[in-house]
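First up is the structure itself, then whatever we jot down about it.
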Protein chains: 2
Amino acid sequence: MSFSPLVDRLLEALRVLPGVGPRTAQRMALHLLERERDGGRRLVEVLGTALEQVGYCQRCRTLTEEPTCTLCRSARRDGALLCIVESPADMLAIEDAGGYHGHYFVLHGHLSPLDGIGPDDIGLALLDARLDEGGVEEVILATNPTVEGEATAHYIAEQIRERGLRLSRLAYGVPMGGELEYVDGGTLSRAFNGRLPFQGD
Amino acid sequence: MSFSPLVDRLLEALRVLPGVGPRTAQRMALHLLERERDGGRRLVEVLGTALEQVGYCQRCRTLTEEPTCTLCRSARRDGALLCIVESPADMLAIEDAGGYHGHYFVLHGHLSPLDGIGPDDIGLALLDARLDEGGVEEVILATNPTVEGEATAHYIAEQIRERGLRLSRLAYGVPMGGELEYVDGGTLSRAFNGRLPFQGD
């Protein structure tokens, strides 16, 4: 764009959004300025407020604008289950899948000594305090199935093992609905090693 | 999302962007809140300013925050050529293509009597005033090759015919680099009717 310095700055600013390149930024800017000024003003207001007010839940560290999130305050969740995830996005994916009705704890990352990310940075002191309260019977270590996620899960398991809680990890195996041909080797050999008795109906 | 009413409102507000559905809105919101708060604040500031200050250029009606756009003020453009387009996006596409160095006039839409969009709504009074100034020798009617775009081009041509200016329309034909097999019938028959003598090298 070259006819307005301010519109040029808007194109640049929109590039902060994930997956938005020059063409998409241009389409978004023109859409907002030509047809959606009201919606644009609403976005400015809500995004500004969210950036100012949204912080971490004091109990589970997920994103919320209140001291504790609505999920932590819900009386309908099972207080005996605590699922540890790396990010709010993982938490949302599990919620969307349905079936889990316990609580969460969000690390906002994983241990990464080379990047200077240690136990304090992923909130393990708060996790300890949380477990000190009692009530939790099982901790589900749902970090990502990556080297860093595995290492983080093992570290946490080590830290809380003495509490005598049930510790679990998500099952590994071939994803549902896929074709074996396209499953990577690491996953396939995990699925072989963890094979289960066939249950014909 | 269900753990924060404010984050829910942010997801809703992001949906105003073109091509952004629920999944993308979630990815954008978490990206801004988890990793890009500074970039998010810059977006809030620039978008807010743009929505407040960007209006139409007084000469060509493109988007600008100043009385006239940088292109209208440029001494390097050819004042004898005026290209009429439906939107700033069309103008940008022509600029990106390169090769045209005249001025523009932006209609911000096309005539659509059923929707109550008449000559005043597409700035034809300003176009008249612009042509009254003199200097323009050729008007290029670059409205979209749609029924509404064609009708608008014909209406404008009728209105300014008595001025004795050269009037032109973009060439119709098969697009460069495509395969004939995939060109629609209307375009193909246009290209046949407008066929040109073959020029061997």
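Cβ coordinates come from backbone N, Cα and C, glycine included.
Unlike curated entries, TrEMBL annotations are predicted automatically.
TrEMBL has this to say about the protein:
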- B:80-175: domain 'Toprim' (DOMAIN)
- B:57-72: zinc finger (ZN_FING)
Contact set, same chain, for the zinc finger (B:57-72): CB under 8 Å, 6 or more residues outside the stretch: 50, 88, 91, 103-108, 123, 126, 130
DSSP-derived helix, strand and coil totals, residue by residue, for the domain 'Toprim' (B:80-175): 39 helix, 21 strand, 36 coil
Overall pLDDT of the domain 'Toprim' (B:80-175), taken as the mean: 93
